[in-house]
Amino acid sequence: MAPKKAKRRAAGGEGSSNVFSMFEQSQIQEYKEAFTIIDQNRDGIISKDDLRDVLASMGQLNVKNEELEAMIKEASGPINFTVFLTMFGEKLKGADPEDVIVSAFKVLDPEGTGSIKKEFLEELLTTQCDRFTAEEMKNLWAAFPPDVAGNVDYKNICYVITHGEEKEE
């Protein structure tokens, strides 16, 4: 009888139900979609190779192995969806909404430039999660036009989302 108990406990994961209770069902679905985007090889675990591939797809081709290892080491073990959700839950406890949104964008900006490519942001917003319409994209670019190099200042977008107006320069 004991092996069944141990097996069930291992499969269920201690405390895993707690992390799911921290989020609304819609938030869990959004995190699942983000996890699926990052899990490039679809094996249910985010690896260094998955991170390298997703960053390369965003134009970040020169990410060092040490940087990838540091990202992976933030977890206590293999990063499955429950661990991924737990990591976000821990980071979001008591966090300022603007910081939370900026942190989400920073995942797409490993070099810390404060901006991301317009084409990449548009692709994400029109193909993932709650897809933006052409009209919504037009309105976004009217409100937050990219610079001459095609970069979008995501920190300004985050400020407006959380404060409702642009910062005074």
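Placed from the backbone N, Cα and C atoms, the Cβ positions cover glycine too.
As written in Swiss-Prot, here are the features:
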MOD_RES   Ser21  phosphoserine
DOMAIN    26-61  domain 'EF-hand 1'
BINDING   Asp39, Asn41, Asp43, Asp50  Ca(2+) binding site
DOMAIN    96-131  domain 'EF-hand 2'
DOMAIN    132-167  domain 'EF-hand 3'
Original post:
In the structure shown, which of the binding-site residues Asp39, Asp43, Asp50 has the fewest other Cβ atoms within 10 Å?
Top reply: Asp43
Subject >> Residue pair Ser21 (phosphoserine), Asn41 (Ca(2+) binding site) - Cα distance, angstrom, rounded >> reply: 28
Subject >> Summary of DSSP states over the domain 'EF-hand 3' (132-167), given as helix, strand and coil counts >> reply: 20 helix, 3 strand, 13 coil
Original post:
Using DSSP, what's the helix, strand and coil tally for the domain 'EF-hand 2' (96-131)?
Top reply: 21 helix, 3 strand, 12 coil
Original post:
If you count the other Cβ atoms within 10 Å of each Cβ, which of the recorded positions Ser21, Asn41 comes out on top?
Top reply: Asn41
Original post:
Which of the three DSSP-derived classes (helix, strand, coil) applies to Asp50 (Ca(2+) binding site)?
Top reply: helix
Subject >> Other parts of the chain folded back onto the domain 'EF-hand 2' (96-131), taken as Cβ under 8 Å at six or more residues beyond its ends >> reply: 30, 33, 37, 55, 58-60, 63, 67, 137, 140-141, 146-147, 150-155, 157-159, 161-163
**OP:** Determine, from DSSP, whether Ser21 (phosphoserine) sits in helix, strand or coil.
**Re:** helix
Original post:
Residues near the Ca(2+) site, Asp39, Asn41, Asp43, Asp50 excluded, by Cβ within 8 Å of the Cβ center?
Top reply: Ile38, Gln40, Arg42, Gly44, Ile45, Ile46, Ser47, Asp49
Original post:
So what pLDDT does the domain 'EF-hand 3' (132-167) average out to?
Top reply: 87
